[in-house]
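Visitor: Here it is: the structure, laid out below.
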Amino acid sequence: TCVFCLTFQLACCCGTAACFLCCKCCPKIKQSTSTRFMYALYFILVTIICCIMMSTTVANEMKTHIPFYKEMCKGIQAGEMCEKLVGYSAVYKVCFGMACFFFLFFLFTIKINSSKSCRAYIHNGFWLIKLILLAAMCSGAFFIPDQDTFLNAWRYVGATGGFLFIAIQLILLVEFAHKWNKNWTAGANHKQMWNGLLALVTLILYSVAVAALVLMALFYTRSEGCMYNKVLIGVNGGLCLFVSLVAISPCVQNRQPHSGLLQSGVISCYVMYLTFSALSSKPPETILDENNQNITICVPEFSQGLHRDENLVTGLGTTILFGCILYSCLTSTTRASSEALKGIYATPETEVSSCCFLFSLSLQIFACFLSLLADAEERIEKRGGQTVIYDEKKGTVYSYAFFHFVFFLASLYVMMTVTHWF
């Protein structure tokens, strides 16, 4: 009997009842929200591991403090400096395992419309088994034969997937800004304060975008050379201006009255970050000075002693990435957002303005995460622990397959971002 009880308890830890083990002080949570949060937690955990693997400090510390380090690396055929366990190749392998994990669940959850199906139960539970499966996939990638061929092919798969993720992320950011603008515009019918806040936030977004454009032109260009950088900054800056003019054009306003500068401001800031990422990932150029000596140009002077500006890109990129991933995967993988990818915006006209949109994207994630916990009345069960709301009794509230597909592309985008795109 004791063995049976112990087995049952362990099964609960792996299943959908895991939330009941949480303490009573935790706020009530929806089953669908807890599921998406757990997958996001797995994703963030692997991403942090990838960032650690790319750190030269970690590699040096391992070499210094681990006994028989060189002998161990030779024994597992990882090279004298264990270059196959740290650095670029290690990140490619770990992200390969994570991408395979989410792609497997993408195929597994296609056309799930009921949360009562067997596949839905697997999607919403068995977290310990999934963690073991994810670890096994990430570790198994290190034993792929012919590593050189695999890495050369996989990097191009990563570049393609990263590009697709950026495209989807831009569309989801437009959806986020569209809801934001519509929410505050509805509030302006009752209080003019919302119009002022809308104008203030739009001004801040454009100020950030213009400041970023000026700083990149200052630090990444010079009078001679840097032609690629000049073209990239000029084209992207011009396209941001073009998008802003299109957003307020009469033809767009007639078709989509809630279109405005807020949406184009959000996209302009994101495009400036992508431009900065591209410029910092580009190999530096060298020219001969008056003394016939090679000098590096087209990179900021302050970054030449810090592995160029890779540390800044990784830190900023990881922060933005986590914010975008959490928003797109926790709030923008609903069916409404899936329809937004097709150009369908089904937000009700009778929205009430809320402070959910007062702050930046990171606070928006938290606020909308809380709003997910307080929807219409659902059946609530209590078993001595955290209150869990089963909000999918009548059907799934988000697309399981689309959710995992976004994470699959995000895994490839993380791989390319952390390794500075080749």
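Note that Cβ sites are derived from N, Cα and C of the backbone, with glycine treated the same way.
All annotation found in TrEMBL is predicted automatically rather than curated by experts.
Keep in mind the model is a prediction, meaning the values are calculated, not measured.
For 1-19, the entry in TrEMBL reads signal peptide. As annotated by TrEMBL, transmembrane segment applies to 39-59, 90-110, 122-144, 156-176, 197-221, 227-248, 260-279, 397-416.
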Visitor: Does the transmembrane segment (39-59) come close to the transmembrane segment (122-144), meaning at least 3 CB pairs under 8 Å for residues 6 or more apart?
Guide: yes
Visitor: So, does the transmembrane segment (197-221) come close enough to the transmembrane segment (260-279) to give 3+ Cβ pairs below 8 Å, pairs being at least 6 apart in sequence?
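Guide: Yes, the stretches contact each other.
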Visitor: With pairs 6 or more apart in sequence, are the transmembrane segment (39-59) and the transmembrane segment (197-221) linked by at least 3 Cβ pairs under 8 Å?
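Guide: Result for the transmembrane segment (39-59) with the transmembrane segment (197-221) is no.
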Visitor: Same chain, outside the transmembrane segment (197-221) by at least 6, Cβ under 8 Å from its Cβ: which residues?
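Guide: Cβ under 8 Å, 6 or more out: 181, 184-185, 188, 229-230, 233, 237, 240, 244, 260-262, 265-266, 268-269, 271-273, 275-276, 279, 298-301, 358.
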